[in-house]
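Enquirer: Shown below is the structure under consideration.
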Amino acid sequence: LTQPVTPELLVSPISQDGDLGSECPEDRGNWTGRLDFLLSCIGYCVGLGKCLLHLGFRVFFLLLAGAFLVPYFIMLAICGIPIFFMELSLGQFSSLGPLAVWKISPLFKGVGMGTILIVSLVAIYYNMIIAYVLFYLFASLTSDLPWQHCGNWWNTDLCLDHHVIKAGNATFPVNVTNTVSPSEEYWSRYVLHIQGSSGIGNPGRIRWNLCLCLLLSWTIVYLCILKGVKSSGKVVYFTATFPYLILVMLLIRGVTLEGAWKGIRFYLTPQFDHLLSSKVWIEAALQIFYSLGVGFGGLLTFASYNTFHQNIYRDTFIVTLGNAITSILAGFAIFSVLGYMSQELGVPVNQVAKAGPGLAFVVYPQAMTMLPLSPFWSFLFFFMLLTLGLDSQFAFMETIVTAVTDEFPYYLRPKKASFSAAICVALFLMGLILTTEGGMYWLVLLDDYSAGFGLMVVVITTCLVVTRVYGMKRFCRDIHMMLGFKPGPYFQACWMVLSPATMMALLVYNIVKYQPSEYGSYRFPAWAEILGILMGVLSCLMIPVGMVVAVVREEGTLWERVQQASRPAMDWGPSLEENRTQSPKPLMVHMRRYGGITSYENTAIEVDREMEEEEEEE
């Protein structure tokens, strides 16, 4: 009972007799270029929030009131930047993925399990969106876009061509009530073939053209993550930068269109009375929450491949502020085209704009048909969406693969390519239901619930554990080891109070203002709503499940087990021994300082006393 036991994680599979084995796990690697990490983060955040397909796009419509910029940047300062920096710090300090990083407090390892569940569900439907983009990309390789005119087999009598509207407005007004644009019918009746499904309970047949696009998208993702960050880190040099070139081209073309000023004026006209609405502030926080991608594990995973002294403080401000500027820039590109459509169709801008997938696959494709060389602009637009979407998907997949391989380094790291292939195949098979005629209903259900309140619970718990359980002083000391300085009062105040309080208010608001899912005029049945809620609850349940497992593995009374499981694991800290000491102290002394060998209560009390004395001396 008095002899310390070497943790199993420090023993190789070959040597199980208590001594360190002669074989070490394969090196997990690092970024190979100086800009790999920064570009990966930029591509991840911009792709997740700005590819017009995810929740992050809501900012473009809330920016209709120019006053939205005020709560947007306030929420960025309170929640976005601090939580972003916290995730990067955790990943870089430990060089571990979202599961193994919870050596910081094994009692809460369920938070990492919940993160992986959320990311897996998001990766399933996110790649389906990329498949839609591929479908439109291939459809743009023609001299005449297929959604440009009515008269195709998928069109109905309600279809009304915009050329007819424009010609009619020149002579007499055309009644556009109860009419449908060719692009909308192309999306719903040809691409989705949603008329073949009666609802989410009857998805219909598989759309094999969509199935092949989904297969292609998973193939592209696998080839890009084949060698981990060494391959994806090179791909992002193109996928993270080229979209900005296309965005600038679309912006220049948009602002030179007749009527573009209508959309831009609509975009920038301030309505400061909206500042008194709680909805605007909540939506601003939601936009920051989703567009930066906090809580998904991608930021932590990317940072875990950094060198120990990478300046993530500087990178935090570059990525977060760059993400906000991209939002504003994209708003000009979008609304200039919407203003042109408004003038062409003779309708107000707010009747042209449409949130969600309808913007990317209905409104903007319709706008492309009004431009000269429409196939060229359509191809550029969807190629931009493809590169943006792939950046986020790289992050999701790298998060899943890194999390599991860090848990079993001896077995999975040498076989990382095969393991990545197995994950891609499994997620592809689970996503086949999204390729059916009613697949859009399932996609909406996943989008509404997979990363909803469960993700907020994960982020709130992470923030509280780091600041309350692990300790703010410890965490700041860790950052000081990496960067040479401790975070200032701004970050500490946000981590301790402002960020968790804001996110809790956001969580409560989402629960109180809960609305059932819908797609167009279709209302989801009760069983589908329950299934969606269970998806969100399941990720939250991972936290208490992880607590039970951690407590069972300890010894002593229940309270002693909880205390022992909440302390950092023996091998918590920097991965390289030269980084584990702030001064020329022995390795084990430094490990004890961060929790150490706390198998018994008397040892734990002694370590706590030592830490208190050191803090008083400082």
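Placement of Cβ uses the backbone N, Cα and C atoms for every residue, glycine included.
Keep in mind that TrEMBL annotations are predicted by a computer and have not been checked by a curator.
Keep in mind it's a predicted model, so treat the numbers as computed, not measured.
According to TrEMBL, the transmembrane segment annotation covers 37-55, 61-86, 107-138, 235-252, 284-305, 317-341, 376-396, 417-443, 449-470, 490-512, 524-552. Under the heading Na(+) binding site, TrEMBL lists Gly43, Val46, Ser291, Asn323, Leu388, Asp391, Ser392. For Cys150-Cys159, the entry in TrEMBL reads disulfide bond.
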Enquirer: Grab the same-chain neighbours of the transmembrane segment (490-512) for me: Cβ-Cβ under 8 Å, and only residues 6 or more beyond its ends, written as numbers and ranges.
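Expert: For the transmembrane segment (490-512), the far contacts come to 75, 78-79, 81-83, 85-86, 278, 282, 285-286, 289, 452-453, 456-457, 459-460, 463-464, 466-467, 472, 475-476.
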Enquirer: Checking distant contacts: for the transmembrane segment (417-443), what same-chain residues at least six beyond its ends satisfy Cβ-Cβ under 8 A?
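Expert: Same-chain residues near the transmembrane segment (417-443) but 6 or more away: 120, 123-125, 127-129, 131, 192-200, 202-208, 210-211, 214-215, 218, 221-222, 225-227, 397, 400-401, 404-405, 519, 522, 524, 528.
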Enquirer: Using a Cβ cut-off of under 8 Å, list the residues of the same chain at least 6 residues beyond the transmembrane segment (376-396) that approach it.
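Expert: Beyond its ends, the transmembrane segment (376-396) has Cβ neighbours at 40, 43-44, 46-48, 50-53, 119, 122-123, 126-127, 129-130, 133-134, 136-137, 140-141, 145, 217, 220-221, 224-225, 232, 235-236, 238-240, 242-243, 246-247, 249-250, 253, 293, 296, 298, 301-302, 360, 364-365, 368.
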Enquirer: Do you know offhand how many angstrom separate Val46 (Na(+) binding site) and Cys159 (disulfide bond) by C-alpha?
Expert: 35
Enquirer: Using C-alpha atoms only, work out the spacing between Ser392 (Na(+) binding site) and Cys150 (disulfide bond) and round it to an integer in Å.
Expert: 35
Enquirer: Any residues 6+ beyond the ends of the transmembrane segment (449-470) with a Cβ under 8 Å from its own?
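Expert: For the transmembrane segment (449-470), the nonlocal Cβ contacts are 55, 83, 86-87, 90, 104-105, 107-108, 111, 114-115, 118, 121-122, 125, 289-290, 294-296, 495-496, 499-500, 503-504, 506-507, 510-511, 517, 532-533, 535-540, 543, 566, 568.
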Enquirer: Ranking 235-252, 284-305, 317-341, 524-552 by Cβ pairs under 8 Å to the transmembrane segment (107-138), which is first?
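Expert: Stretch with the highest Cβ contact count: 524-552.
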Enquirer: Determine which residues of the chain contact the transmembrane segment (235-252) at the Cβ level, with the cut-off under 8 Å and only residues 6 or more beyond its ends counted.
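Expert: Here the qualifying positions are 33, 35-36, 39-40, 42-43, 46, 224, 326, 329-330, 332-333, 336-337, 377, 380-381, 383-384, 387-388, 390-391, 394.
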Enquirer: Between the Cα atoms of Leu388 (Na(+) binding site) and Cys159 (disulfide bond), find the distance and write it as a whole number of Å.
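Expert: Their Cα atoms are separated by 32 Å.
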Enquirer: Six or more residues beyond either end and a Cβ under 8 Å away: which residues meet both conditions relative to the transmembrane segment (284-305)?
Expert: 28-31, 37, 40-41, 44-45, 48-50, 54-56, 58-59, 62, 68, 71-72, 74-76, 79-80, 83-84, 87-92, 94-98, 101, 112, 115-116, 118-119, 122, 229, 312, 319-320, 323, 327, 392, 395-396, 398-399, 402-403, 451, 455-456, 458-459, 462, 502-503, 506
Enquirer: Highest Cβ count within 10 Å among the recorded positions Val46, Cys159: which residue is it?
Expert: Val46
Enquirer: What parts of the chain pack near the transmembrane segment (524-552), using Cβ distances under 8 Å and only residues at least 6 beyond its ends?
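Expert: Cβ under 8 Å, 6 or more out: 102, 106-115, 117-118, 121, 199-201, 441, 445-446, 448-450, 452-455, 457-458, 461, 516-518, 558, 561-562, 565.
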Enquirer: Far apart in sequence but close in space: which same-chain residues, 6 or more away, have a Cβ under 8 Å from Gly43 (Na(+) binding site)?
Expert: Val236, Thr239, Ala240, Leu388, Asp391, Ser392, Phe394, Ala395
Enquirer: Which of the listed binding-site residues (Asn323, Ser392) has the least company, meaning the fewest other Cβ atoms within 10 Å of its Cβ?
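Expert: Least crowded of the binding-site residues Asn323, Ser392, by Cβ count within 10 Å, is Asn323.
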Enquirer: Counting across all protein chains present, how many other Cβ atoms fall within 10 Å of the Cβ of Asp391 (Na(+) binding site)?
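Expert: The answer is 28.
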Enquirer: Counting Cβ atoms within 10 Å across all protein chains shown, which of the recorded positions Cys150, Leu388 comes out on top?
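Expert: Counting Cβ neighbours within 10 Å, the top one is Leu388.
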Enquirer: Measuring Cα to Cα, tell me the gap between Cys150 (disulfide bond) and Asn323 (Na(+) binding site) in whole angstrom.
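Expert: Rounded to a whole number, the Cα-Cα distance is 39 Å.
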